[in-house]
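J.: Here it is, the structure, as structure tokens.
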């Protein structure tokens, strides 16, 4: 009775605490930045990001062109690690609005354009550079009509060129359209993380948090030839009469030497029913969304079909042995167990130390680290923690997760080293190699690419200070954790082999065709799970589009893991069946060879989808970043395939009965009998066609002969 009263009292206190918490905080939202309400007439400041182009992929500073500068001077905004690595350079700008006040404003007029400025403006115009502006963390959006289709873009061009004129024209007048939503609330408390860091809006002096929220930011760019004499008499932020965008070229501002360019803008506030949490929907619902979803669904169907084919192949390799083993009596089964054939012949060599075993351990350790980073990052992104409103947050999270997963990389690499060698000698060298292998490759490639960016004076170049920050994070976090993980690997029990290894290696029978052809060809199956998502990921990186379907990406990642495991197991079993005991590296590259197809697809994307990409510098940058991505994919997928194959081989040779007997017992379970019958029917149909045609294929490897 007393305990019941205590329980009730504790429950009441908990409920009272929850009530107080809800009373203090009426709302909670984590969209990537916190909501800001503006009162009528309050100043709103526009920020500018780097100039970007899909033709060169070389970002440049906004103020590298002769634009108007703010009266208080250029001030850089606080940027996270991901923004710096992506080449973002966010600065303040002279554009400022007053909430819910429509006006047309004069900014400045330049001095006569010099030859260098004209050349630079023309070059940026021909390279299709875009000006990127940000208001309340929303990028400026521009709408355009092409062939009767309404297309939306982020940013606006520096200038434009018409086919009927030899002149280039600069964009010097902007018509802004700010969508606002009237908000009224009290005691609202909102916490979030954005570019300003942690933000909290609380009740201050018992005032209501009412005002206007910015839910949209649109821009219409114009080129207008102003009267230089009249404009030179005005001061910054003087109001002028409203201006319509001219359709005649004679009224547009050409880019010529000794021309004075006047910059003006017009702002209009429009009330909207869009609420603040939904203001990013306009950016994420770009044209072609239906094609995107259909492609994702089609990719999933292809993945399931290929996984079924892999399982049918695996079923075919053991089916004849299953049938023969089932029909024999116990004495015949015992006699058959003594007659070694196929994979049973390599029982004394299957766990022999592979060539370059240290390199294999290092690559497995790095693969564990990269695969773990991908899984953790995609899970958090799918849960909504990587909002597109938080620029650079995804890349920053990937780097931080990668650094802290060094402990698992060191553990996996050193434990595999102990398993192969049987001793812990040399584990420090393995741990150091794990800590430096993949980061060293990335460091070398980025340094070479950085020299190209420095030579082009691009904001995409990594500053020296950022180099020291990255090296400090590497040596102060990743390296110690990797060494500590390696130390834990020496304390863990090594994986004991179920069979002994002979002193003299067994000779591998000669084959007509090299086995590496089948290993490289196996990478096409995992690639089938990637290429649709890979297209959208490349488009988001190189064409400036938003990628936000992380839920589908997580599903594709799970299917990729399954396919990599199946492919490596099947290829390992095939090699063992033809008495090839050198399965270690082949199990790794059976699934890791998908990186080759990823890189080839990246080259295909460069040639056919990035046709506007101009210049050898841009192509080298693209190929360099694609190479880093391919190496990371190779290490992650290869590690998945190797680990599954290792435990498959370990179980295969540790069973008292042959593996076929295990499969037979599994197939005889009532819950799997129906599934097995369906797969056998599919197997009969597929391999009936295969039996009639495989003998006519001149390139059919020896591995396929036992299957038919």
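Cβ atoms are placed via backbone N, Cα and C, with glycine included.
Because TrEMBL annotations are produced automatically, they should be read as predictions rather than curated entries.
Positions annotated as signal peptide by TrEMBL: 1-27. Residues annotated as transmembrane segment in TrEMBL: 293-315, 359-386, 392-417, 429-454, 466-488, 516-542, 548-571, 583-608, 620-653.
Mind running through what each feature is packed against?
T.: Among residues of the same chain six or more beyond the transmembrane segment (392-417), those with a C-beta under 8 A of the stretch's C-beta atoms are 32, 79-86, 88, 357-358, 360-362, 364-366, 368-370, 372-373, 376-377, 380-381, 385-386, 424, 426-427, 430-431, 433-435, 473-474, 477-479, 481-490, 492, 494-495.
The list of residues near the transmembrane segment (429-454) in space but at least 6 beyond its ends in sequence, with Cβ under 8 angstroms from a Cβ of it, reads 58, 358, 361-363, 365-366, 369-370, 406, 409-410, 413-414, 417, 460-462, 474, 478-479, 482-483, 485-487, 489, 617, 620-621, 624-625, 627-628, 631-632, 635.
Note on the transmembrane segment (466-488): residues 81, 84-85, 365, 399, 402-404, 406-414, 427-428, 430-432, 434-436, 439 of its chain, located 6 or more positions outside it, place their CB under 8 angstroms from a CB of the stretch.
Under 8 Å from some Cβ of the transmembrane segment (583-608) lie the Cβ atoms of residues 350, 354-356, 360, 363-364, 515-516, 519-520, 522-524, 526-527, 530-531, 534-535, 538, 563-565, 567-568, 571-572, 575-576, 619, 622-623, 626-627, 629-631, 633-635, 637-642, 645-646, 649, all in the same chain and six or more residues away from its ends.
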